[in-house]
Amino acid sequence: MDAVSIRIPYNKVKHEVELVGVDREGGDTSSSSNTPPPSSSLLTLILSCTIAAGVQFGWALQLSLLTPYIQTLGIDHAFSSFIWLCGPITGLVVQPCVGIWSDKCTSKYGRRRPFIFVGALMISVAVIIIGFSADIGYLLGDTKEHCSTYKGTRTKAAIVFVFGFWMLDLANNTVQGPARALLADLAGPDQRNSANAVFCSWMAVGNILGFSSGASGSWHRWFPFLMSRACCEPCGNLKAAFLIAVLFLGLCTSVTLYFAEEVPLTPNQSSHLSDSAPLLDSPDKISFDLSELKNGTQITDNANGNKSEDDFQVSKHIRNEDGKTEEDQIQTFSNSPAAVLVNLLTSLRHLPPAMHSVLIVMALTWLSWFPFFLFDTDWMGREVYHGDPKGDTPEVKAYDQGVREGAFGLLLNSVVLGISSFLIEPMCQWMGPRLVWACSNFIVFACMAGTAIISFVSVREFSQGVQHIIGANGATKIASLVVFAILGLPLAVTYSVPFSVTAELTADSGGGQGLAIGVLNLAIVVPQMIVSLGAGPWDELFGGGNIPAFVLASIAALAAGVIATLKLPTLNSYKSAGMHFG
């Protein structure tokens, strides 16, 4: 029988604890467990990351078109933000759990690919449901009046739409974690920067294609058979764009599943350690787990190769009356959604003190970003182009034109974001990540204030008859697109610097970086929930429109910039942790 060695880093313990046990099968597993997997070729990494482009294509369409479209089904602007509530909820619960479950998946097809396949299938079904929601509502009993003349609420279509929208959020979060984990599995230690660059490049491709698709107003002319009595031009454009998204996602998924060669995980490998184990827990909890074990594995101090002072004797299997081991029971609980969430919340107590400032700044940063993500194209349609999704025909056309122009603005935003992503690391090495993050928030403050100024000027000119027809004049249109483009730079900072700062601050947390990133995710999803629940009613409190939400976003960005300048730690070095989208 050969010995099996397992190294476990514990928090606040300077040494690694080495568990030396016996392999029951008689095989030597130490070499396989300690030897890193071979690095993949650059071409394999490029082809294995194509799923990022497919997912981001649909996400771009979701960002640019779905808030305006739900209003065409009769849902008031005040309640349109509620549909986005599922995204942060699933991001909080589903994505960490799927990551843990994929870590321990023993499918013969690999750990990540089954989740990627199921998630991509769910995305395809969800976008088809969304695209055909008006037709499904028509079949279920909505009004038979033609969509060009009916301005009321189509309740059943709206319910179908919300169901598809929430399913899409769930599916997106199902794919994103395993897709990034697959990249980490395939890339060697010296390939991490290039692998992140490849992944982000594919996401940029998906963004550009998705926003270009949303900006096109000709889909209904190319595919006229998609329109019906319940589905007019905007609906036809949305339906065609989403069908193209399904085809593109299918192609990207097939390429990823074919070229990503995973080594299946054996049941024995998956049961050693729980990925959601509270590695940030205090040493007394760790000693409790070890104190009851006996007769199986000898623990030695890896620092000097001798036996530890306490000379623990541990048993790998303690069976209860039902024949299940204590390890199995702990494993089942620790992988549950409730355990993951509790573990994230309790780990707040054990984070480095500087991380609390990071969390505050991150929360304020996303309070400033999420109103823009929700209402950017709606703002172009309402305040800049003076349209109304439920108005008369000229107003509806003006609103649709503004939404498409907003999608084009998001396309410019993505291009600037992609270029800026290559400048983040040099800027952080020159100015320091603290000042870079603070300056990005000041830029968001100026841009959000700029949207309010553009809105006031545009509405005043329109009310005074300067614009004799419905639509945007040249100056306000150009100013709006400039705001969209400028916001690409701070968005690149938001997608990278906070995660790199977190990785740097938690590097010595005894294996707790994963939990720290999960806690950072709390600072993203909680503000999103607040905005989803409050942005629409807040706007309605001041007479509707998007200006009130954008003003609050500007204030939050200013506060984030000030706190970042005063409270964030000054780091001596900066190491890129890649871009974190979605």
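Using the three backbone atoms N, Cα and C, a Cβ is placed for every residue, glycine included.
Where the annotation comes from TrEMBL, it is an automatic prediction and has not been curated.
Non-local neighbours of the transmembrane segment (42-61) in the same chain are 116, 120, 123, 127, 168, 172, 175-176, 179, 182-183, 186-187, 191, 194-195, 198-199, 202-207, 209-211, 213-214, 238, 241-242, 245, 248-253, 255-256, 258-261, 410, 414, 581-582; each lies 6+ residues outside the stretch with a CB under 8 Å from one of its CB atoms. TrEMBL lists 42-61 (among others) with the feature transmembrane segment.
What TrEMBL lists as transmembrane segment is 81-102 (among others).
With a threshold of 8 Å between CB atoms, the same-chain residues lying at least 6 positions outside the transmembrane segment (114-137) that come near it are 51, 54-55, 58, 61, 66, 73, 98, 101-102, 105, 107, 147, 154-161, 163-165, 167-168, 170-172, 174-175, 177-179, 182, 228, 230-231, 235, 238-239, 242-243, 245-246, 249-250, 253, 256-257. Per TrEMBL, transmembrane segment is recorded for 114-137 (among others).
Sequence-distant contacts of the transmembrane segment (196-220) (same chain, at least 6 residues past either end, Cβ-Cβ under 8 Å): 42, 45-46, 49-61, 64-65, 180, 183, 226-227, 233, 236-237, 239-241, 244-245, 248, 377, 400-401, 404-405, 407-408, 410-411, 414-415, 417-418, 421, 576-579, 581. Per TrEMBL, transmembrane segment is recorded for 196-220 (among others).
The transmembrane segment annotation in TrEMBL covers 240-260 (among others). Using a Cβ-Cβ cut-off under 8 Å and counting only residues 6 or more beyond its ends in the same chain, the transmembrane segment (240-260) has close neighbours at 44, 47-55, 57-58, 61, 65, 110, 112-113, 116-117, 120, 123-124, 127-128, 130-131, 179, 182, 186, 209-210, 213-214, 216, 219-220, 222-223, 226.
The transmembrane segment annotation in TrEMBL covers 354-375 (among others). Same-chain residues lying 6+ beyond the ends of the transmembrane segment (354-375) with a Cβ under 8 Å from its Cβ atoms: 63, 67, 80-81, 84, 437, 441, 444-445, 448, 451, 487, 491, 494, 498, 501-502, 505-506, 516, 519-520, 522-524, 526-528, 530-532, 535, 546, 549-550, 552-554, 556-557, 559-560, 563-564, 567-569.
Within its own chain, the transmembrane segment (406-424) is flanked in space by residues 60, 63-65, 200-201, 204, 207-208, 211-212, 214-215, 376-381, 436, 480-481, 483-489, 491-493, 495-497, 576, 579, which lie at least six positions past its ends and keep a Cβ under 8 Å from the stretch. Feature annotation from TrEMBL assigns transmembrane segment to 406-424 (among others).
Same-chain residues lying 6 or more positions outside the transmembrane segment (436-458) and placing a CB less than 8 Å from one of its CB atoms are 361, 364-365, 368-369, 372, 379, 383-384, 386, 424, 427-428, 472-473, 476, 479-480, 483, 486-487, 489-490, 493-494, 497-498, 501, 545-547, 550-551, 553-554, 557-558, 560-562, 564-565, 568. Annotated transmembrane segment per TrEMBL: 436-458 (among others), in sequence order.
Residues or ranges marked as transmembrane segment in TrEMBL: 478-503 (among others).
If you look up TrEMBL, you'll see 515-535 (among others) marked as transmembrane segment.
Annotation source TrEMBL lists transmembrane segment at 547-566 (among others).
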